[in-house]
């Protein structure tokens, strides 16, 4: 360990999801979202699970697949300017532990939401559409692909 030495990452955005405690913080955040939604008196348990799933997946889509660039000035001459956070994650290397975690977490949440909604058709369709909206952009075949030119610039 180099004490007193600045990080040497050209783009710190590439390694932030490997930081100590980020997975626990992520899981606690999803749990807190669920508890807050459960505390709203007129929501039933199936509605809360569906809302937790949809809000989580919407947030994941926006922060991982829609927002591009880095939140700070980097010395990489703007190479990351046109990449989403998912494409920058772990320098674009596929099947790393962080990518697996952020791929499996919406699937686990989907299974929980489906179970607690008792596989009701309306909830099932909403949860499935929400899951597919975050899983399809994570596929390795879609790395750097902009469908119909959406989010190209």
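Using the three backbone atoms N, Cα and C, a Cβ is placed for every residue, glycine included.
Taken from Swiss-Prot, the feature topological domain 'Cytoplasmic' covers 1-27 (among others), and the record attributes it to sequence analysis.
Outside the transmembrane segment (28-46) by six or more residues, the chain places 52, 55-56, 105, 109, 116-118, 120, 123 with a CB less than 8 A from a CB of the stretch. Per Swiss-Prot, transmembrane segment is recorded for 28-46 (among others), and the stated evidence type is sequence analysis.
Per Swiss-Prot, transmembrane segment is recorded for 47-64 (among others), and the stated evidence type is sequence analysis.
Residues 10-15, 17-18, 23, 26-27, 30, 134-135, 137-138, 140, 143-144, 151, 153 of the same chain, all 6+ positions outside the topological domain 'Cytoplasmic' (65-105), place their C-beta atoms under 8 angstroms from a C-beta of that stretch. The topological domain 'Cytoplasmic' annotation in Swiss-Prot covers 65-105 (among others), and the record cites sequence analysis as its basis.
Residues or ranges marked as transmembrane segment by Swiss-Prot on the basis of sequence analysis: 106-123 (among others). Packing against the transmembrane segment (106-123) from elsewhere in the chain are residues 30, 45-46, 49-50, 52-53, 56-57, 60, 130-131, 134-135: each is 6 or more residues past its ends and has a CB under 8 Å from a CB in it.
Positions annotated as transmembrane segment by Swiss-Prot: 124-140 (among others).
The topological domain 'Cytoplasmic' annotation in Swiss-Prot covers 141-153 (among others).
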Chain residues outside the transmembrane segment (124-140) and at least six past its termini with a C-beta under 8 angstroms from it: 50, 53-54, 57-58, 60-61, 64-65, 84, 86, 94-95, 99, 102-103, 106-107, 110, 113-114, 117
Segment-level pLDDT (mean, integer) for the topological domain 'Cytoplasmic' (65-105): 83
